[in-house]
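Chemist: Structure below; questions to follow.
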Amino acid sequence: MSLHKLRLAAVPITFSSRLFFLKPFPNTLTLGLFSRHLQPHKPLLVRAFSASAAVEDIPATQASDSSARPQWKAAIDFKWIRDNKEAVEINIKNRNSNANLEAVLELYENMVNLQKEVEQLREERNNVAKKMKGKLEPSQRETLVEEGKNLKESLVTLEEDLVKLKDELQHVAQSIPNMTHPDVPVGGEDSSAIRKEVGSPREFSFPIKDHLQLGKDLDLIDFDSAAEVSGSKFFYLKNEAVLLEMALLNWTLSQVMKQGFTPLTTPEIVRSAIVEKCGFQPRGDNTQVYSIDGTDQCLIGTAEIPVGGIHMDSILLESVLPLKYIAFSHCFRTEAGAAGAATKGLYRVHQFNKAEMFVICRPEDSESFHQELIQIEEDLFTSLGLHFKTLDMATADLGAPAYRKFDVEAWMPGLGRFGEISSASNCTDYQSRRLGIRYRPSEPPQTGPKKGKANLPATKFVHTLNATACAIPRMMVCLLENYQQEDGAVVIPEPLRPFMGGIELIKPKLK
């Protein structure tokens, strides 16, 4: 996912008549992505990015101009970040993030000081207004009128400066990633820990083919025509491959719905702000997002984005939680920067179909739902007879929203390696505090002299989780390559046969 970069100059930032000097920092400020998980006995690690206690609203912006007014706001607890600077700094380093914590803290200190000046001027203005109500000599009233006028002008200037400073702070602070689950391995992808391994590689007694050759020989996949029509990394599915795609989706939906998930289809064009609020960057040289020129809209790269937006800016009743969705959508990705043999064929394409699980829950339940999601994935892939391993992904391999992420990699014999087919992430409240999804605890109203809303329990941000149930192209790779036969046929796994009209074997076509 792309990182939108902004450099700090070693010069003063001017707001109206005021100068705020920023020290030159070596780091590049980055609007990035996150990924990790919440643990009840480690509340310290997530509080800065939650809606608890005193919170400052922080918007992010898709514009590269840092002076542009942010279009939306997210809650970040700057005081917590300041008080826990060391923990945040270590987290930024472990996640290989370009976030500039020093810049954030300096802007925050400037904002706090300016806020005090504004409040002081407001108090002085109010005092002058009170004096004006009394019996005064003309000269005294004239003096107070002039003083009030000067205070008003100064206050307008300071308030404008404060708005700009808050916008700058909010813009820069978006680079700070979510905190990280304490059990996550520290390091790059090679440091990721194997959580579980299922099955073993199939032994073949004949020369094996990769899915490209199988797709061509069985007349299932046409890359050449798609390249002429749409460009590279597009494809046509044909004949039994179409039935296999439908079977995979319908079987997956039926299995996941048994676990209490509500099926959805989603819009596949969304506003850029929704993409940003979910933690993806829709602009930049290496973005994975297709943007529609002349609009504020994008094509989705995953159903996680439109599903996350369903309950945007809402307060849910605790009694309706958890909300569990299984969403089908087409997905579109630029795959910027992807190249080499590891990306050939169906493994990395611009357009594909996918079923995505999405959970909205109470904060204290997100850890257990993360385990439920990865268990559902493992059960699905075990039922299809795949050899796979589940990885607890290391810190540097996490995107900005996730607190913890599990990846599933399946054996692809034709490619001669494991390939990622699924992931499951707990984003804690990173997305919900941007999307504005809260819930009101089902606590008895407090008794007291106040009536109405003041007696209701305070709202809290929900936690969100997402997990891939079935990404069609990579599942096709696994099934074609693992179930190929010596005569060139491919066996259909037993669970899928009822969804393919009883077809058990994809046979070579008669020439």
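Cβ coordinates come from backbone N, Cα and C, glycine included.
Where the annotation comes from TrEMBL, it is an automatic prediction and has not been curated.
Here's the feature list from TrEMBL:
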- THR302, ARG333, GLU356, ASN466: L-serine binding site (BINDING)
- ARG333, THR334, GLU335, VAL349, HIS350, GLN351, PHE352, GLU420, ILE421, SER422, SER423: ATP binding site (BINDING)
- 104-175: coiled coil (COILED)
- 210-493: domain 'Aminoacyl-transfer RNA synthetases class-II family profile' (DOMAIN)
- THR468: site 'Important for serine binding' (SITE)
Chemist: Rounded to the nearest Å, what's the C-alpha distance separating ILE421 (ATP binding site) and ASN466 (L-serine binding site)? Just drop the number here, would you?
Modeler: 14
Chemist: If you measure C-alpha to C-alpha, which of GLU335, SER423, THR468 (recorded positions) come within 10 angstroms of THR302 (L-serine binding site)?
Modeler: THR468
Chemist: Using Cα-Cα distances with a 10 Å cut-off, which of the recorded positions HIS350, PHE352, SER423, THR468 are near ARG333 (L-serine binding site)?
Modeler: HIS350, PHE352
Chemist: In the same chain, outside THR302, ARG333, GLU356, ASN466, whose C-beta lies within 8 angstroms of the Cβ mean position for the L-serine site?
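Modeler: Surrounding the site, in chain order, are ILE300, GLY301, ALA303, GLU304, ILE305, CYS331, LYS354, THR468.
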Chemist: On a simple 10 Å Cβ count over all chains shown, which one of the binding-site residues THR302, ASN466 is most densely packed?
Modeler: ASN466
Chemist: Which one, from the binding-site residues ARG333, HIS350, has the smallest tally of other C-beta atoms lying within 10 Å of its C-beta?
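Modeler: HIS350, out of the binding-site residues ARG333, HIS350, has the fewest neighbouring Cβ atoms within 10 Å.
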Chemist: Near ASN466 (L-serine binding site), which of the binding-site residues GLU335, HIS350, PHE352, SER423 can be found within 10 Å, Cα to Cα?
Modeler: SER423
Chemist: Fewest other CB within 10 angstroms, which one of the binding-site residues GLU335, GLU356?
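Modeler: Sparsest of the binding-site residues GLU335, GLU356 by Cβ contacts within 10 Å: GLU335.
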Chemist: Would you work out the biggest C-alpha to C-alpha distance among ARG333, THR334, GLU335, VAL349, HIS350, GLN351, PHE352, GLU420, ILE421, SER422, SER423, the residues that bind ATP according to the record, and give it in angstrom as a whole number?
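Modeler: Greatest Cα separation within the listed binding residues comes to 19 Å.
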